[in-house]
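S.K.: For reference, the structure I am asking about is given below.
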Amino acid sequence: MAPASKADRKAALDVASWMFNVVTSVGIIMVNKALMATHGYGFATTLTGLHFTATTIMTVVLRCLGYVQPSQLPVPDLIKFVVFANLSIVGMNVSLMWNSVGFYQIAKLCMIPVSCFLEVLFDKVRYSRDTKLSILVVLIGVAVCTITDVSVNARGLIAATIAVWSTALQQYYVHYLQRKYSLGSFNLLGHTAPVQAASLLLLGPFVDYWLTRQRVDTFDYNIIAVLFIILSCIIAIGTNLSQFICIGRFTAVSFQVLGHMKTIFVLVLGFFLFGREGLNLHVVLGMILAVAGMIWYGNASSKPGGKERRTYSIPSGKSQKDGLLTESGQLDEKV
C-alpha cells in the first residue's frame, strides 16, 4: 500500500506542478499581450528585469519567514546560469524582431532537439524509439498549427541560433544545478533571481532602446498601464517558480515537449478573446496532433527503457530541506 500511495502522491504533485506552470505561463502571455499590444509597452527586457525583481522580493520574504533555508551555489555556476538565461531573454526578443513569425516558431521548436542533444551529451540519456517518435509528432503538430510565413535572413538566423542554444542550456542548468547541489526551486531562485534582476534592469533599457528606438523612461505610465505591469510581475513570480519546479522534477526536454500544451492553450484563448479569423481546419488538426503526441510522450517516456539516464551522485552531507515548500529529491527519479 505504501509504494502505491507514494506513486499516487508523486503523480498528484506532477500534475499540480504542470498545471501551475500552464496557468501562470498562459496568464502572463495574455497580460503581456494586452500590455504591449493595447498599451504600447514594448520594453520586454526591462519588464523581465522587473519580473525577477518581484521574484527576488518573494524569495527574500520567504527566507525571512523561515520557509526557505540558507543554501550555497558556487559563483562560477551562478555566473554561467545568468549568462545563459540573459542571452536567452535578449536572444528571443531579437529573434522575434529580426525574423518572420514563422521562422521564430521554427526556432522555438528547435529547442526540443537541442535539449535532447544536451541530455545525450552530458547525461548519457538514451531514448526509446517510441519516445523519439512521440517528440516528432509533437513537433509536427505544433508546427502545423503555428507556422505560417517563413523567411530567413543572416542576422535573424544568428539571433535565433543564440536564442535556441542559450535557452536550452539555461533550462538544462536548472535541472543540473538542482540535482547537483540538492537545491529546491526556492533556493535556486533565491540565488539566481537577484543577479538576473540587477543585470536586466541595468542593461534592459539600453537593449529595449536598441530594439524599439524608444526610451523606457519616456513611456506614459498611466494608471492602467502600471496596473498591468504590476499584474505581470505578480504572475511572473509563479511563472519563474513553476518553471524551476517542473524542470527540477522532470527534465528540460520533458518541460519543452509537454510545455507546448501552453502553446495550444494560448492559441485557443487567442481565438476566443481576440477573434477567430485564424482558426481553420489545419490549425485544429495540428492542435489535435500535438496533444496526441504529448500524451504519447508522457506514456512512452515513463515506461522502462523509454528514457534512461545515469543518476547524479549527490553527497549526503549536502542534502537540504526547504520545509513545507521543498520538492523532495526522492520524487525526482522519473525523467
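Using N, Cα and C of the backbone, Cβ positions are placed for all residues, glycine too.
It should be emphasised that the depicted structure is a prediction, and the values quoted were computed from it without experimental measurement.
From TrEMBL, here are the annotated features:
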type	residues	note
TRANSMEM	12-31	transmembrane segment
DOMAIN	23-297	domain 'Sugar phosphate transporter'
TRANSMEM	43-66	transmembrane segment
TRANSMEM	78-96	transmembrane segment
TRANSMEM	133-150	transmembrane segment
TRANSMEM	156-174	transmembrane segment
TRANSMEM	186-207	transmembrane segment
TRANSMEM	219-241	transmembrane segment
TRANSMEM	253-275	transmembrane segment
TRANSMEM	281-300	transmembrane segment
REGION	302-335	region 'Disordered'
S.K.: Can you say which of 12-31, 186-207, 281-300 has the most Cβ pairs under 8 Å with the transmembrane segment (219-241)?
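M.R.: Looking at each of 12-31, 186-207, 281-300 in turn, the most contacts to the transmembrane segment (219-241) are made by 12-31.
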S.K.: Take every residue in the domain 'Sugar phosphate transporter' (23-297), average their pLDDT values, and give the whole-number result.
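M.R.: Summing pLDDT over the domain 'Sugar phosphate transporter' (23-297) and dividing by its length gives 88.
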